[in-house]
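Colleague: First the structure, then my questions, so here it is.
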Amino acid sequence: MSKLLVFGHQNPDTDAIASSYAFDYLAKKAFDLDTEVVALGDPNEETAFALDYFGVSAPRVVTSAKAEGASHVILTDHNEFPQSISDIREVEVYGIVDHHRVANFETANPLYMRVEPVGSASSIVYRLFKENRVDVPKDIAGLLLSGLISDTLLLKSPTTHASDHRVAVELAELAGVKLEEYGMAMLKAGTNLASKSEAELIDIDAKTFELNGNAVRVAQVNTVDIAEVLERKEAIEAAIKEVMASEGYSDFVLMITDIVNSNSEILALGANMDKVETAFDFKLEDNHAFLAGAVSRKKQVVPQLTESFGA
């Protein structure tokens, strides 16, 4: 077997980078695998904050597994092929560690697969360290903590599992940080949107979902001021229309999430706005609507869209 590439999803967030980096370390230590952690995109500002804080270099970015000489891959923080590497159907998936729905995915051979309904893939990787009696280095503990904080908005998201609270406390101790203090600093680092172009903003954290024959792009940006983001609405809509035309998305749903008050504004464009309105039981006005208490794409947006689209 050639070298195994380990990576998270496209447009990697902190959990994608953290879980893949940590699993790469674990794979070498516990399973004696010849792995290399890579990424399917550059780290965002939140992730860059975590990497810098714990003195870790960002994984190198790749676009094709076969171009790297890899015939086998390990996926973390995703399993759906549209969210993975460009040639995912041309290589063998050796393993998966994820905490999302399982969809748009199949393999020719059996594989290692660990999927749990917890707050982050990082939570699962930490559990694997403990199960295999591998000590967690300080930098890796810090990254795993960062992945958990990011995906659960500092344990406030409804995706937070009861076990995640204990995991966060243990990882914070191993990383030598104060959970609340470090967590808020990291999250705020990811809300600096002023320097982003509209095209960059809608691609910071975006995933494509195949819903009943429709390619639906669901993106999320975190902020401390929704109104400030909506001041750029016209330019954001222009960027959305451009990417829909170039990539063939039927619909685009952007979550603008207030990390302080735990609410979101939904900005949506596309061919199936009736289904979007049905999904969230609201009426879009000028292409947007307020969604109280919504902070999780995984739990509060994608399942509702999936049901409404009849996928």
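Placed from the backbone N, Cα and C atoms, the Cβ positions cover glycine too.
Marked as Mn(2+) 1 binding site by Swiss-Prot on the basis of sequence analysis: His9, Asp13, Asp77. Here Swiss-Prot flags Asp15, Asp77, His99, Asp151 as Mn(2+) 2 binding site.
In terms of burial and nearby residues, how do these features look in this structure?
Modeller: DSSP assigns Asp77 (Mn(2+) 1 binding site) to coil, not to a helix or a strand. Sequence-distant contacts of Asp77 (Mn(2+) 1 binding site), defined as residues of its own chain at least six apart whose C-beta falls under 8 angstroms from its C-beta, comprise Gly8, His9, Asp13, Asp15, Ala16, Ser19, Ser20, Val97, Asp98, His99, His100, Ser120, Ala121, Gly147.
According to DSSP, His99 (Mn(2+) 2 binding site) sits in a coil region rather than a helix or strand. His99 (Mn(2+) 2 binding site) is surrounded by 25 other CB atoms, counting those within 10 A of its CB over all protein chains shown.
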Colleague: Give the number of CB atoms, excluding that of Asp15 (Mn(2+) 2 binding site) itself, located within 10 Å of its CB.
Modeller: 30
Colleague: Within 8 Å of the Cβ centroid of the Mn(2+) 1 site residues His9, Asp13, Asp77, which other residues of the same chain have their Cβ?
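Modeller: For the Mn(2+) 1 site the neighbour list reads Gly8, Asn11, Pro12, Asp15, Ala16, Ile17, Ser19, Thr76, His78, Gln83, Ala121.
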Colleague: Counting other Cβ atoms within 10 Å, pick out the least crowded of the binding-site residues Asp13, Asp151.
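Modeller: Least crowded of the binding-site residues Asp13, Asp151, by Cβ count within 10 Å, is Asp13.
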Colleague: Around His9 (Mn(2+) 1 binding site), how many other CB atoms lie within 10 A of its CB?
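Modeller: Counting Cβ neighbours of His9 (Mn(2+) 1 binding site) within 10 Å gives 29.
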